[in-house]
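Per Swiss-Prot, these features apply:
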BINDING   210, 212, 268  Fe cation binding site
BINDING   278  2-oxoglutarate binding site
DOMAIN    182-287  domain 'Fe2OG dioxygenase'
């Protein structure tokens, strides 16, 4: 459960990345400091910034800028990669087609998923099968995004080794059958600028309050517009003020289950009060698509009944969880 945090912690993970493939990483003093910070952030807020992550600021900025270029294209051009159920819920959706808790969100987006070969997961994966839809314009869009996905996948794996150390004393709990073949989701999102009445923004909800589905999210947001908000225990909405070159990270529903409720999948939302268009690229690192997710044995031993002794977490199959969300998220 989140605390009454008033800001999100900033964690320099450079030492963790340096030692993350060392079998003796747990004995390194610098790694231990990072692990302690990750543990506290996941318990207190479920959100944190990472710096020292090794992905260049130039790449981070290019990903947002080419996304912005796509959203500036004529509507008819964007519709060439229109999302449909037949396309595996991959592609472009116009403003209002994404729905959170029954309410249309004020954003447009491209949704991409790790591609699933026909029949790989049987009935559970059938609705998600198919290739991603990449636009022909801007040029180099697909090439840049595929490279960015590789970078984010590797970074997420390394951060989760640190979180695994914090939870279980071993860096490898989120590999193998759990996340050795991780699924991923990427959403490229554009939020229109706010309309103003009597000098005040209208406060349209760019994305309604929700939690994320999987293990870990990396948020690449515009440097000059504050819009992402995280709810603390007291019900206050705390702004995730942009820090250039950083990622905002948060944990998802699957990690909450694995931790037996020790780590929080925290409610968050987006309200773009700026008159300018805002771009955000969110990368979601997930378990294996067919992973059966339940509290880790060591978490059941250390934290029986969940945090505070009152929470019970049943097992979930990640792919079923994702499909149930995806099939109700869009008004098409």
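Backbone N, Cα and C atoms are what each Cβ position is placed from, and that goes for glycine too.
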Cβ neighbour count (within 10 Å, all chains shown) around residue 212 (Fe cation binding site): 24
Neighbouring C-beta atoms (10 Å sphere around the C-beta of residue 268 (Fe cation binding site)): 24
Least buried by Cβ count (within 10 Å) of the binding-site residues 210, 278: 210
Spatial separation of the residue listed as '2-oxoglutarate binding site' from residue 212 (Fe cation binding site) - C-alpha basis, Å: 20
Rounded to the nearest Å - Cα separation of residue 278 (2-oxoglutarate binding site) and residue 268 (Fe cation binding site): 17
Confidence summary (mean pLDDT) of the domain 'Fe2OG dioxygenase' (182-287): 91
Secondary structure tally of the domain 'Fe2OG dioxygenase' (182-287) (DSSP, helix then strand then coil): 6 helix, 49 strand, 51 coil
